[in-house]
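Following: one structure in structure tokens, then a few remarks.
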Amino acid sequence: NPHLEKMKEDILYHFALGTGTHDFPALFGDVKFVCVGGSPSRMKAFIAYIAEELGLGGAGCDYPNICAGTDRYAMYKVGPVLSVSHGMGIPSISIMLHELIKLLYHAKCSDITIIRIGTSGGIGLEPGSVVITRQSVDATFKPQLEQVVLGKTVIRSTNLDEQLAKELMQCSKEIGQFNTVIGNTMCTLDFYEGQGRLDGAICLYDEEEKLQYLKNAYDSGVRNIEMESSVFAAMCNLSGVKGK
């Protein structure tokens with residue numbers, strides 16, 4: 001964003017951080033991996049796990065929330081790894097990603113990999129399986145994010161890094177603990193009707209129609225359903241960040 005260069009100070013409102021109050025290169029300049037997920041508690045548990053894996057922490061260690069000045073998101077850091085919550089749905093993760101990408105820019109980070117981790121609804125897979133997303137598709141199975149900007153509809157690509165998918169699949173084979181597949185992830189606008197559930201407050205279709213829709217999704221290459229991947233993929237592409 002060329003407008004950032006004209007700003008005296010850039011305030012990341014929802015992180016409670018700002019270039020006028022924080023030294024971004026000192027705080028985040030060594031970051032190489034960013035892992036994002038829905039809930040703050042899950043991302044704190046994740047950073048504790050990473051700290052132990054990297055030998056940078058152990059039982060009883062505390063990991064302070066860098067964004068403690070706000071209740072919108074939570075952020076934790078251990079070594080070169082940043083763990084950030086993004087809330088639920090496209091609007092919430094979109095706001096977080098705008099500020100995260102700016103944070104990485106102001107910190108002068110390079111060669112960054114961002115990975116979104118979280119639970120999702122599987123299609124045709126055993127519970128507990130891991131899906132590595134090839135591309136995010138919308139509820140009509142198209143690999144795109146449709147967004148309105150200044151009153152005009154823009155279409156953005158939601159393909160993700162193929163080489164990173166292969167590397168993650170190789171890691172899964174070496175670990176050998178999870179059934180792992182590479183497939184498309186369908187991103188919906190809500191949890192109930194958008195995902196074909198029958199137990200929402202409103203449901204104007206029957207079970208047969210639901211099952212046919214899920215079969216069509218599977219036949220198109222969809223292996224799981226969630227609510228954030230499309231904007232995640234689109235923003236990684238637009239900002240030149242390797243994401244998965």
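A Cβ is built for glycine as well, from the same backbone N, Cα and C atoms used for every other residue.
Unlike curated entries, TrEMBL annotations are predicted automatically.
Annotated features, as they stand in TrEMBL:
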type	residues	note
BINDING	R72, R116, I117, G118, T119	phosphate binding site
BINDING	Q195, R197	substrate binding site
DOMAIN	32-242	domain 'Nucleoside phosphorylase'
Residues that sit under 8 angstroms from R116 (phosphate binding site) by C-beta distance, when 6+ apart in the chain: C35, V36, G37, H86, I93, E228, S229, F232, G243, K244
Chain-internal residues, separated by at least six, CB under 8 A from I117 (phosphate binding site): C35, V36, G37, F46
Chain-internal residues near T119 (phosphate binding site), provided their CB is under 8 angstroms and they sit 6+ positions away: G38, E226
Length of the line joining the Cα atoms of Q195 (substrate binding site) and G118 (phosphate binding site), in Å: 17
Listed in sequence order, residues with CB under 8 A of G118 (phosphate binding site) and six or more positions away: G37, G38, R42, E226, E228
Site extent for phosphate (largest Cα pair distance over R72, R116, I117, G118, T119, Å): 20
Intrachain C-beta neighbours of R72 (phosphate binding site), sequence separation six or more, cut-off 8 angstroms: H14, F15, G87, I95
